[in-house]
Amino acid sequence: MPLIPDIVNMESPLTQLSHALDAACHLDPASPHFMRHVRAALTKLSVEPGLLSAAQRQSSVDGYTRHLLFADPLGRYAVAALVWRAGQMSPVHGHHTWCAYTVVEGTLTETLFSWDADAHRAVETRQHERACGAVSVVGAGRGAIHRLGNASAGRTAVSIHVYGVTGAQIATHVNDLLQAA
């Protein structure tokens with residue numbers, strides 16, 4: 001009996017991600033169904049070997065580096081690779097839009113905060129490691145305040161982030177920068 005080869009999806013991992021995000025965007029971004037769709041798409045992406053080119057993995061001594069990988073032509077989302085050298089971290093922030101990320105190389109440390117409305121400050125609540133394959137999806141607002149960083153000694157970390165903004169807004173309309181106590 002002849003063997004019939006499995007049909008292999010020839011689309012790039014980023015194209016597959018964009019198709020999954022397109023399908024999710026038909027749902028309300030505040031709904032649990034939307035969050036599950038985005039989480040599933042990023043979980044699948046996190047195990048893709050050779051996902052990024054050498055240029056998309058370049059870092060800077062000045063801080064973590066953002067590389068725009070894909071911007072939805074309808075302006076519903078943008079996908080970026082963030083490259084973190086050892087010791088680099090984001091500021092403490094909430095989000096003006098929904099966002100999601102997966103760690104594709106190394107380990108990030110995520111510090112979570114709660115919002116103290118009386119003091120107008122974020123208060124640290126806990127910290128945990130986000131190893132390769134970890135996925136996080138959150139809605140807009142101050143209910144998911146955090147800081148991400150690479151606490152490793154000498155090892156680069158890379159994460160893929162999806163934001164509910166246009167590609168042109170990725171650096172300006174995502175983070176709600178906050179003071180920490």
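Note: Cβ is positioned from N, Cα and C throughout, glycine not excepted.
TrEMBL: automatically predicted annotations, no manual curation.
Here TrEMBL flags HIS93, HIS95, HIS146 as Fe cation binding site. Within its own chain, HIS93 (Fe cation binding site) has ILE145, HIS146, ARG147, ASN175, ASP176, LEU177, LEU178 as residues 6 or more apart in sequence whose C-beta sits under 8 angstroms from its own.
Cβ neighbours of HIS95 (Fe cation binding site) (same chain, under 8 Å, six or more residues apart in sequence): VAL138, GLY139, ALA140, GLY141, ALA144, VAL174, ASN175, ASP176. Residue environment of HIS146 (Fe cation binding site) contains 20 other Cβ atoms, counted within 10 Å of its Cβ in all protein chains.
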